[in-house]
Amino acid sequence: MESMLTLAMEQPVKRNTLKKYKIACIVLLALLVIVSLGLGLGLGLRKPEKQGSCRKKCFDASFRGLENCRCDVACKDRGDCCWDFEDTCVESTRIWMCNQFRCGETRLEASLCSCSDDCLQRKDCCADYKSVCQGETSWLEENCDTAQQSQCPEGFDLPPVILFSMDGFRAEYLHTWDTLMPNINKLKTCGIHSKYMRAMYPTKTFPNHYTIVMGLYPESHGIIDNNMYDVNLNKNFSLSSKEQNNPAWWHGQPMWLTAMYQGLKAATYFWPGSEAAINGSFPSIYMPYNGSVPFEERISTLLKWLDLPKAERPRFYTMYFEEPDFSGHAGGPVSARVIKALQIVDHAFGMLMEGLKQRNLHNCVNIILLADHGMEQTYCNKMEYMTDYFPRINFYMYEGPAPRIRAHSIPHDFFSFNSEEIVRNLSCRKPDQHFKPYLTPDLPKRLHYAKNVRIDKVHLFVDRQWLAVRSKSNTNCGGGNHGYNNEFRSMEAIFLAHGPSFKEKTEVEPFENIEVYNLMCDLLRIQPAPNNGTHGSLNHLLKVPFYEPSHAEEVSKFSVCGFANPLPAESDCLCPHLQNSIQLEQVNQMLNLTQEEITATVKVNLPFGRPRVLQKNVDHCLLYHREYVSGFGKAMRMPMWSSYTVPQLGDTSPLPPTVPDCLRADVRVPPSESQKCSFYLADKNITHGFLYPPASNRTSDSQYDALITSNLVPMYEEFTKMWDYFHSVLLIKHATERNGVNVVSGPIFDYNYDGHFDAPDEITKHLANTDVPIPTHYFVVLTSCKNKSHTPENCPGWLDVLPFIIPHRPTNMESCPEGKPEALWVEERFTAHIARVRDVELLTGLDFYQEKVQPVSEILQLKTYLPTFETTI
């Protein structure tokens with residue numbers, strides 16, 4: 001009640017005050033109107049030529065304006081410049097765009113670009129001259145073009161190709177800040193874009209830029225990091241050293257050379273490798289790197305290259321911006337600096353598109369806008385110090401998000417350095433350790449990061465947002481960084497494209513940047529050099545593909561291992577459950593399938609056709625069983641692959657238990673080509689595993705089809721823990737989630753860790769006094785129908801794949817499984833070694849899905865697809 005009384009007493013006072021304010025405002029408003037009218041009338045009475053304006057009078061020594069103001073070069077020293085001298089005569093020489101004030105200006109020799117009436121004739125107009133000064137619709141405001149044909153002006157017989165890189169532009173930026181980037185967002189809307197483009201590992205600037213113009217993995221083209229040492233050259237490479245211009249570092253054939261070798265000209269405005277005489281040649285036109293050159297000047301120069309006479313004009317161009325990478329390092333990916341940088345690069349990109357439109361090239365040029373990698377936030381309290389693991393640091397370390405360790409004394413100790421001991425000392429040391437140490441050959445095969453002497457043998461795979469460094473003296477933390485696992489969402493890069501060759505208003509699934517080189521060759525209609533990409537896998541980006549892929553032709557034909565005798569000629573295998581030859585003959589007779597049974601098992605267990613063998617001189621035969629089919633390699637004495645289909649769990653009864661300690665010889669395989677059971681003695685670290693799991697059989701009798709020597713593969717005992725858990729638990733889970741899966745699995749031999757199948761002589765080197773070679777890896781490819789209402793064997797459309805390439809090692813130290821059940825680490829281990837079907841093909845010499853009724857280019861999309869499990873950014 002007291003507060004209400006107080007309020008009532010104050011109201012009269014407030015009303016009086018309000019009345020005074022109203023009167024004061026009315027008086028001020030009246031005065032403002034009078035002053036405005038006075039100024040307007042006063043100015044209106046003066047003649048324009050006596051206003052003292054420098055418009056069209058800049059640096060005219062004879063001009064005298066109002067009160068004798070001047071516009072000549074010395075007016076500032078005299079202090080008699082006209083009021084608009086700075087804006088008209090000085091500022092106009094510093095900007096790259098027109099405005100209404102500049103339109104029709106007197107030509108200024110010092111201008112960056114011109115808005116004078118004769119600029120079109122003299123080819124020095126600012127990029128937006130037509131839209132600002134002649135009233136044409138700007139590129140940004142123009143509707144998306146939907147013409148099916150190229151709209152090139154006279155003199156442009158074929159569309160030029162512009163490759164534009166914005167360093168460190170992570171894909172998420174375009175989703176989060178799209179409204180702040182109207183020009184780039186329009187390109188995304190009108191053209192084609194991927195959800196993201198995957199960078200190669202390590203996700204660094206030089207390796208990925210060179211990969212983009214090469215189609216090669218860093219291990220193949222030699223630029224394996226921004227900083228590296230080559231023991232053969234005995235030199236160090238860094239971004240700040242002159243060594244980066246030494247052609248000895250740069251292997252392969254970059255895009256500009258591919259174009260030049262086939263009669264085209266190429267121009268690069270900054271690109272890693274363009275300043276080195278690779279194969280003895282530079283690009284037709286190139287600019288030495290200078291980070292201080294304004295983005296607008298770079299764009300203006302590229303536009304001038306497009307103005308060159310036809311005989312001199314390049315067909316292929318590159319453009320490079322350091323942003324938003326520079327700002328991302330300084331402030332982190334979520335910062336005001338990055339937002340400002342995105343606006344700057346968007347403005348510069350808009351200048352390019354406006355300049356193209358002014359030349360009527362905006363629907364003629366094929367332009368690709370991409371990035372080399374993304375950006376991750378780092379923190380100074382997320383650092384792993386090697387001094388916490390070693391009492392003394394006696395090695396050299398490349399620090400950061402993708403660390404490598406080598407000998408400190410080089411070249412003397414380079415090859416003798418004990419890398420294995422370093423990895424052991426860094427493995428499973430802490431429960432909350434934020435990196436995994438690897439010997440480089442043991443890294444996930446999908447990375448293709450091993451076969452190069454510049455890749456040091458010790459590698460640390462670091463958790464997101466963490467850095468690994470030598471000691472606490474390293475304070476280079478905070479802000480942003482990159483180089484991490486290329487599956488991290490923060491490392492995802494942008495890819496957008498627009499032009500007469502590209503589809504419009506389309507989003508495509510992610511792909512890897514090794515595929516861009518082949519795409520650019522197709523745009524230029526030239527033949528690519530050999531590369532790691534899969535030619536034709538990006539045909540779905542194009543309106544009319546230039547290259548039509550076909551399935552690889554099989555190199556080694558198969559035979560059928562025939563059934564001759566129901567009893568083995570000789571055998572050292574035992575199966576106590578088969579007590580006499582009659583029982584043995586009965587189960588062996590099950591291997592003798594009729595043609596109808598063969599047709600039935602092929603339909604279910606090879607729904608996409610058998611894998612074709614692309615290795616030379618491989619003697620192999622097909623072995624048919626009711627529950628699986630395998631391709632048996634006679635020289636290796638083991639199956640090269642086995643294929644079977646696991647139905648959805650609800651479609652089958654509980655599986656019968658497996659008969660223990662039962663093995664017998666496969667009577668279809670001669671003893672000279674078969675494994676012996678005595679090979680797997682208890683005193684060895686090797687035991688036998690089954691490529692097709694006997695427990696997957698639907699009846700107790702049919703499991704005997706799997707308990708045979710032709711289904712055996714050698715496995716380390718520790719590896720079988722992981723292998724068995726996958727087949728008994730995870731495989732059932734995947735089949736349940738996907739309405740059944742087709743499984744193809746087999747051994748891999750990659751002793752020289754080059755990512756390709758080993759030749760027989762390479763395998764023979766590693767037999768170690770045994771007749772059976774030990775695989776370096778095993779692969780598993782799960783295939784299901786993308787439409788989960790269909791099973792694999794009756795899938796009418798697109799397929800889904802889940803391939804794994806699992807290292808075959810004596811220990812499971814990678815997963816630190818001590819005291820943990822398999823449920824806590826096996827699935828994570830498989831996930832860490834996810835791969836593409838194409839990776840499996842390269843490592844096995846097999847070719848998949850040849851009988852799937854689908855265009856080959858779509859099959860290649862499937863083969864180059866890499867499943868990911870990352871959700872955090």
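Here the Cβ of each residue, glycine as well, is placed from N, Cα and C on the backbone.
What you see is a predicted model, and the numbers here were worked out from it, not measured in a lab.
For C133, the cysteine that Swiss-Prot lists as its disulphide partner among C103, C113, C119, C152 is C103. Site annotation (Swiss-Prot): Zn(2+) 1 is bound by D167, D372, H373, and the candidate from T205, T211, T318 recorded at this site is T205. If you go by Swiss-Prot, C380 shares a disulfide bond with C477, out of C428, C477, C521. Between C561 and the candidates C428, C621, C662, C677, Swiss-Prot records the disulphide bond with C621. Binding of ATP is attributed by Swiss-Prot to N226, E275, Y289, and the same site annotation extends, among K204, K242, K304, K310, to K204. Within the set C98, C119, C126, the cysteine that Swiss-Prot bonds to C113 via a disulfide is C126. In the disulfide annotation of Swiss-Prot, C54 is paired with C71 out of the candidates C69, C71. Here the domain 'SMB 2' (94-138) returns a mean pLDDT of 92 for the predicted model. The DSSP breakdown of the domain 'SMB 2' (94-138) into helical (H, G, I), extended (E, B) and coil residues amounts to 9 helix, 2 strand, 34 coil. A Cβ within 8 Å of the Cβ centre of D750, N752, D754, H756, D758, the residues given for Ca(2+), is found for these other residues of the same chain: K451, F749, Y751, Y753, G755, F757, E762, L843. Long-range Cβ contacts of C144 (disulfide bond) within its own chain (separation 6+, distance under 8 Å): K186, T189, C190, E504, K505. C795 (disulfide bond) sits 8 Å from N787 (N-linked glycosylation site), taking the Cα positions as reference. Spatially close to D758 (Ca(2+) binding site) yet at least six residues away along the chain are F749, D750, Y751, N752, judged by Cβ distances under 8 angstroms.
Fewest other C-beta atoms within 10 Å: among the recorded positions N236, N279, N290, N592, N752, that description fits N290.
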